[in-house]
Each structure stands twice: as structure tokens, then as C-alpha cells.
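> I'd like to ask some things about the structure below.
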Amino acid sequence: MRRIVSASGVNRNDHVLEVGPGLGSLTLALLDRGAKVTAVEIDPVLARQLPITVGDHSHSEINRLTVLNRDILTFERSEMTEEPTALVANLPYNVAVPALLHLLAEFPSIRTVMVMVQAEVAERLAAEPGGKDYGVPSAKVRFYGNVRRYGMVSPTVFWPIPRVYSGLVRIDRFETSPWPADTEFRDQVFELIDMGFAQRRKTARNAFAEWAGSGNESASRLLAASIDPARRPETLAINDFVRLLQRSEDWHIVPKPEPAAPAETVADGEDAQVSSH
């Protein structure tokens, strides 16, 4: 666990968002580095036990720990009192990619990410364009920053011992994003990525034909973005998807909002009730 913390570069100036602390071995290693830690644990039993475990280890470190019993897939910035600067996570296979993408989007303050995932997922996240493991996750995480592998983790370091190896992946967010980072732009880039990899064996011209309106228009947009229309989408890097969107004149057109429904009036003397969820 100390190897993971060391590779993350976390120090006493960081506020770490830790996902999936489990029994707390990684939590203790993070606290030993002097960092503040907000640990998000979906299991209520483990969430209740973690402060006890840390308190038994050190009374001073417990003051730098916050434990939240939450589902990370729906976790929001508003649930934290202080913005995190780093993410350290042990993500299960079935939620690894959606959880990682959700947290990168939800917390722009996170500058460094160190995730431990199943080896297969680590290979997909760090894969380069054109490789057999390159796909949607590989392209989307690179919208946020640089990605690199940090080796394998043996099953024997865990209890209970899993049947598979894990891999470490580090993401360093761009200090200054090379492209627009707003939600609208990101969502449209991600739509192009989804579209391209849904038909990865087609040529880019054909894969983006429906989006562009026709095969000829698709080819024109690709050429405007300096992309050969005969290339396969699986060879396109994140900057290719970004450039394709930017060279398409209609990318920034926002649908007109539907007219608002007439407001209902409240009769005199009636109480209006507001329900909060």
C-alpha cells in the first residue's frame, strides 16, 4: 500500500478523496503521509468501522479523516466541505470506468489520480491509439490529462485474496486544458468517441456519416480536421476527436429551449408546499 501512496505523490498539502477504503490499510498509509483524507465507502459496516480502525492506530490522524457512506457513482461535489486535490481509489471491475470518469468530471480540483483496478481495466485505460486494448475508456480519460501504467499488484497483498492481478494507473490532469473543458464541449466529444468505437472496424468516413448527415459531409469534416477519411476510428487519438468537433461549424449550436409551461397560481389563503428530496 505504501508503494501505491508513494506513486501517487500525495503529501501533507493534499486533500485526498479515497474511494473504496475497505479495511483501511490504504487510508492509514495516506494519513501517514500527512494528507487529509475523505474516504467514501458504500458498505455501511466498513464505513462505521474505518474511524475506529484509524483511531486505534493514531489519535492525531483521526482528526484528518472524514468517512462518508455513499455510492461513488452518485457522489457530488456538494457533499464535500473542501475540494479534493488528489484521488486514490481501489475500484471494482464493474464500476471502475464509469466511477473514474464521473469523478474526473465532478471534481475539476483533482490534479492527480492513482487508481488500482483489475489488470484488464488498467490495460484498457493506458492503451495507445491503434492497440488491441484501445477503446472508449482509453480515449475519454485522455480528455482530462496524461495517463500511464504503474505496474501490477499481486493478489497476495489483499484479504480475502482475489483471483486476478490488479494494475495501477496514474492520471495527471492537464494544468491548462488544451481544449475547452466545459460540459457541453466534453459531452459532444464523448459522443463522437462513442460513435467511433461503436463501429470501430468501419472507416472514419462511414462511422461518422450519420452524425455529419452524409458520407461526403463526413469526409469533408474529417479532411478539415486533417484526418484521412479512410482511417479506422480505433486509430484516432483524443486530439483527433477534439479537432473533428472543432472543425465542424455546427458543434456549438445549442437547441432552443422549449417554452416554459404557464405557472400555476395559488389561490389566496392556500399554503404552497415545497418538497425537498
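Counting starts with 1 at the first residue shown.
Positions of Cβ are set from backbone N, Cα and C atoms, glycine also.
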> Which one of 2-24, 255-277 shows up in TrEMBL as region 'Disordered'?
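It is 255-277 that TrEMBL annotates as region 'Disordered'.
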> Let me know which member of ASN63, ASN90 TrEMBL also records as binding S-adenosyl-L-methionine at the site of MET1, GLY20, GLU41, ASP71.
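My reading of TrEMBL gives ASN90 as the candidate in that site.
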